[in-house]
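Following: one structure in structure tokens, then a few remarks.
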Amino acid sequence: MAMISYSTIVVALLASFMICSVSANFQRDVEITWGDGRGQITNNGDLLTLSLDKASGSGFQSKNEYLFGKIDMQIKLVAGNSAGTVTAYYLKSPGSTWDEIDFEFLGNLSGDPYTLHTNVFTQGKGDREQQFKLWFDPTSDFHTYSILWNPQRIIFSVDGTPIREFKNMESQGTLFPKNQPMRMYSSLWNAEEWATRGGLVKTDWSKAPFTASYRGFNEEACVVINGQSSCPNVSGQGSTGSWLSQELDSTGQEQMRWVQNNYMIYNYCTDAKRFPQGLPRECLAA
């Protein structure tokens, strides 16, 4: 039998500890932060539900902070007349110059599709919205929504299909979130002033409580504890197939084009009226 050197074992062990890869348990890995009992964890930590009524919504956050990672969550959205409601799932750092990577699901009248709203904030500045309709009913079953965030890019995916990529273009003067650790947050709340048809359709409280369900939370990430990352000296040069160096291959690019050609309903990069002084630099570079 071939001998394995001590140094090889040590390197393998160190590599295994560098990156946290966990199929999370809600009881162990998140905390419900608001809602006065409207957030519930059941099934031995495998299922979490958030509810919204006229008095309050609810929300939770990860216990871990991340500086780069791939975060997956399976969500079943509010069914029926969800107009006025927003289910948000995002990464965010604290403070007034925060970074943020957003999925927001804007409810609608029964039979009308949800709007999936995405955005990227760097140092407190957003205005990078792209919106989509989904090609399935997100209320009839769970679907996986993923954020891949590495030093070179952010990729938003739905059931493994990439829908948006935001590249690191710092060399061209565009800010990119890379220095501030972020937690995962999710919430269900009332946004009837703007969420559905620009606020024209209000929340029908006779349909309350509204409920969103979560399972399959997975974090494969560089976890930050007491200011120290579990992935020291991250440069984006991960092992082959690692999310740390992942980029879209030709198949992924084709899938993203299909989604954007058929299901994108708003793109800030084509909204010249919104930016009379000129489109953002990342739009011109793309």
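Yeah, the Cβs are placed from backbone N, Cα and C, and that goes for glycine too.
Annotation source Swiss-Prot lists signal peptide at 1-24, citing sequence analysis.
Summarising the annotation, Swiss-Prot assigns domain 'GH16' to 25-214 and lists sequence analysis as the type of evidence.
Other Cβ atoms within 10 Å of the Cβ of GLU100 (active site, nucleophile) number 18 in total over all chains. Secondary structure at GLU100 (active site, nucleophile), as computed by DSSP, is strand. Among the features that Swiss-Prot reports, active site, nucleophile is placed at GLU100.
Sequence annotations record features per position, and here Swiss-Prot assigns site 'Important for catalytic activity' to ASP102 based on similarity to another entry. The number of other Cβ atoms within 10 Å of the Cβ belonging to ASP102 (site 'Important for catalytic activity'), over all protein chains shown, comes to 20.
Around the Cβ of GLU104 (active site, proton donor), the same chain contributes VAL86, THR87, ALA88, TYR89, TYR90, LEU116, HIS117, THR118, ASN119, each under 8 angstroms and 6 or more positions distant in sequence. The active site, proton donor annotation in Swiss-Prot covers GLU104 and rests on sequence analysis.
Non-local contacts of ARG274 (xyloglucan binding site) by the CB criterion (under 8 A, 6+ apart in sequence, same chain) comprise TYR268. What Swiss-Prot lists as xyloglucan binding site is GLU104, HIS117, THR118, ASN119, ASP127, ARG128, GLU129, GLU193, TRP194, GLY198, ARG274.
Annotated N-linked glycosylation site per Swiss-Prot: ASN108 (among others), in sequence order, evidence recorded as sequence analysis. DSSP assigns ASN108 (N-linked glycosylation site) to coil in the three-state reduction, outside any helix or strand.
According to Swiss-Prot, the disulfide bond annotation covers CYS222-CYS231 (among others), on the basis of similarity to another entry. Following the DSSP three-state reduction, the secondary structure of CYS231 (disulfide bond) is coil. Around CYS231 (disulfide bond), taking its Cβ as the centre, 20 other Cβ atoms fall within 10 Å, counting all chains.
The feature N-linked glycosylation site is assigned by Swiss-Prot to ASN233 (among others), with sequence analysis given as support.
Annotation source Swiss-Prot lists disulfide bond at CYS269-CYS283 (among others), citing similarity to another entry. Every protein chain considered, the tally of other Cβ atoms within 10 Å of the Cβ of CYS269 (disulfide bond) stands at 15.
Spatially, by CA atoms, the binding-site residues ASP127, GLU129, TRP194 include one closest to ASP102 (site 'Important for catalytic activity'), and that is GLU129. Between the CA atoms of ASN108 (N-linked glycosylation site) and TRP194 (xyloglucan binding site) there is a gap of 12 Å. Comparing CYS283 (disulfide bond) with GLU100 (active site, nucleophile), their Cα atoms are 19 Å apart once rounded.
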